[in-house]
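Enquirer: Here it is: the structure, laid out below.
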Amino acid sequence: MEIGQYQPNLDGDGLRIGIVQARFNEPVCNGLADSCIEELERLGVTGEDVLLVTVPGALEIPLALQKLAESAQFDALIALGAVIRGETYHFELVSNESGAGITRIGLDFGIPVANAVLTTENDEQAVARMTEKGRDAARVAVEMANLAVALEQLGGDDEEEDEEEEEA
């Protein structure tokens, strides 16, 4: 049996990407942003097609993502932040709530959201992960934006066929 397959597409040319970056644990978050933006550029996303918004901390990320999603100006969104257990007594709350909120935005608005909010035990773990996780977020955003477009086109073909049948 032969099956259809979609090949991952990492061509960022023409894609609009919105990034929400937390400022809490700023050195780590800046490292995430730098590597993410560098990778977006490498994938063909231009600077004029990227909007970076900063918020106080991880719990504020979902609201900013929601506002960007509501604008309908972006093909994908990226969440950047760092929740470090030693930095806050309510680590689990911040980690769980920010993660759930970030996921909900993607599902509620039908827009890909790459979640690069690090949750680590200490600063050393966060620093060790920030560069690769920032790059990963860029790749996820571009790949999923292209996948979303391809999957939407599948649905669009059926609608056109239905309209043609109704006219006949």
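Every residue, even glycine, has its Cβ placed from backbone N, Cα and C.
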Enquirer: For the 5-amino-6-(D-ribitylamino)uracil site that Swiss-Prot assigns to ALA58, LEU59, GLU60, ALA82, VAL83, ILE84, ASN115, which of PHE24, PHE74 is also named?
Expert: PHE24
Enquirer: Where does VAL83 (5-amino-6-(D-ribitylamino)uracil binding site) sit by DSSP, helix, strand or coil?
Expert: strand
Enquirer: Give me the Cα-Cα distance between ALA58 (5-amino-6-(D-ribitylamino)uracil binding site) and HIS90 (active site, proton donor), rounded to a whole Å.
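Expert: On Cα coordinates alone, these residues lie 12 Å apart.
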